[in-house]
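According to TrEMBL, the protein has these features:
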type: ACT_SITE; residues: D134; note: active site, proton donor
type: BINDING; residues: R57, D134, S139, D140, R141, S152, N155, I158, L169, S216, C240, D241; note: cob(II)alamin binding site
type: BINDING; residues: C188, C191, C194, C247; note: [4Fe-4S] cluster 1 binding site
type: BINDING; residues: C198, C214, C240, C243; note: [4Fe-4S] cluster 2 binding site
type: BINDING; residues: Q220, K222, N280, R281, R295, K297, K298; note: tRNA binding site
type: DOMAIN; residues: 178-208; note: domain '4Fe-4S ferredoxin-type'
Amino acid sequence: MNVEQLKQDIIEYAKEIGIDKIGFTTADPFTTLKERLIKQQQLNYQSGFEEPDIDKRTNPALLLEGAASIISIAVAYPTRMKENPKGKKGARRGLFARASWGEDYHTVLRNRLQKLEEFIKSKIPEARTKSMVDTGELSDRAVAERAGIGWSGKNCAIITPEYGSFVYLGEMITNIPFEPDQPIEDLCGDCNKCLEACPTGALVQGGQINAKICISYLTQTKDFLPEQYRSVIGNRLYGCDTCQIVCPYNRGVDFHLHEELEPEPEIAKPLLTPLLSISNREFKEKFGRTSGAWRGKKPIQRNAIIALGHFKEESAIDDLQKVLKDDPRPVIRGTAAWALGRIGTEKAKEVLLNALEKEKDEEVLNEIELALAK
Ligand code: B12
Ligand code: SF4
Ligand code: SF4
């Protein structure tokens, strides 16, 4: 089999199956990434969602015997809703980040990669392949950068000249020695808009993140959100798009190329109050198809309560009272106390005073006292 011809055939086929950009690189170790990962670990700047084995992360040969190349793929996702419901007083809404709109991208990209594997094996039956999307060992961005999909921006994102940074990434390690593509030029230049816009200062310098204080990470934690971050997360229920939205290379970027990635407005931007009493089953039915549901309903509910506090939404007092009285989870009760403190009306104060008498949990009591002190 002519490897160059196969590469061209793969590029053609990829277009047919809804892969928006494809690039090829070697399976050589990722040496700079290795140093970087060690450094990030030492600084405690990692989220904990990363694969912990740095050798596996940086040496494709440990993941597939005879690894010779990696095929990187990118799939563009929309940034604007065709029907964008506006939240208003009495009917506030929260927001799922764009990477959680439509069907879970893990499923979408894995399907595409599986088709690509089948295509390659139909041409070379003895080909060996290993595909991954997000949850695999490799750094999807480091692979994409080396395969020429895009450059690595100061906001950490891979930015493609065609689709901006609103692309999902995935890759396939193969034992076929494809000719590698070249990385593309970094076009960030003197721009620093993302660093300036980051609400928590998580972008410590161009291309370096302290994931522990990135809002995207914070929205995915299950414990109490540290007080200083509650007001900055605003109405974000899952993820954060700020450092991408401000990027000049994303200006006007809004691709609707894949039906399954189209957002359902009531899911991507849901009303907040109903989330407070949603059952596990309802949550699964409504949000289960999205990538933002992977941590379950608790972080989403906690963030919804924070968002109601952020809006000082008086119409939510009765629902917050119910949560404070009946919810078995201290994090949810304590966060409701915080929100009532933010709302700060006489009625909210009364609810807090009532709860103070009945509450037994130390942390929740502390939240109630802090809320009353406000
Ligand atoms: C852990 C994780 C997170 C963590 C940490 C993010 C981070 N920046 O590290 C948290 C929860 C915060 C997060 C948030 C988001 N994530 Co995330 N996340 C991951 C995951 C699982 C691992 C990332 C990782 O290993 N980071 C460690 C750092 C050190 O490495 P890296 O960023 O992968 O690689 C770059 C650096 O190492 C850098 N580098 C290496 N050496 C050096 C040296 C110097 C001097 C410099 C300057 C840079 C540098 O170059 C590499 C290539 O860009 C990947 C999937 C995967 N398996 O790779 C998705 C992934 C990176 N996430 C993704 C997305 C979409 C997001 C969000 C936009 C989601 C959202 N809307 O909320 C935000 C963006 C936050 C941000 N500004 O980065 C996409 C990115 C797509 C793209 N176009 O870049 C990925 C690839 C998932 C996917 N398959 O599509 N994420
Ligand atoms: S995703 Fe949000 S919090 Fe995280 S680095 Fe970007 S702007 Fe900052
Ligand atoms: S906002 Fe500016 S510095 Fe940040 S990634 Fe975009 S071009 Fe680069």
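Any Cβ shown, glycine's included, is placed from N, Cα and C.
Per-residue pLDDT, averaged along the domain '4Fe-4S ferredoxin-type' (178-208), amounts to 98 for this model.
Each of G153, K154, N155, N192, K193, L195, V246, P248, Y249 belongs to the same chain as C188, C191, C194, C247, is absent from that list, and has a C-beta within 8 angstroms of the C-beta centroid marking the [4Fe-4S] cluster 1 site.
Following the DSSP three-state reduction, the secondary structure of L169 (cob(II)alamin binding site) is strand. Summarising the environment of R141 (cob(II)alamin binding site), the number of other Cβ atoms within 10 Å of its Cβ, over all protein chains shown, is 18. In this structure, the binding-site residues that sit close to ligand 3, with a C-beta under 6 angstroms from any of its atoms, are N155, chosen from R57, N155, C240, K297. If you measure from the Cα atom of R295 (tRNA binding site) to that of L169 (cob(II)alamin binding site), you get 21 Å. A 10 Å radius around the C-alpha of C243 ([4Fe-4S] cluster 2 binding site) takes in these binding-site residues out of N155, L169, C188, C194, in sequence order: N155, C194.
For the domain '4Fe-4S ferredoxin-type' (178-208), residue counts in helix, strand and coil come to 5 helix, 4 strand, 22 coil, using DSSP. Rounded to a whole number, the distance between the Cα atoms of K298 (tRNA binding site) and N155 (cob(II)alamin binding site) is 28 Å. C214 ([4Fe-4S] cluster 2 binding site) sits 8 Å from C240 (cob(II)alamin binding site), taking the CA atoms of both as reference points.
Close to ligand 2, meaning a Cβ under 6 Å from one of its atoms, are these of the binding-site residues C198, C243, N280, K297: C198, C243.
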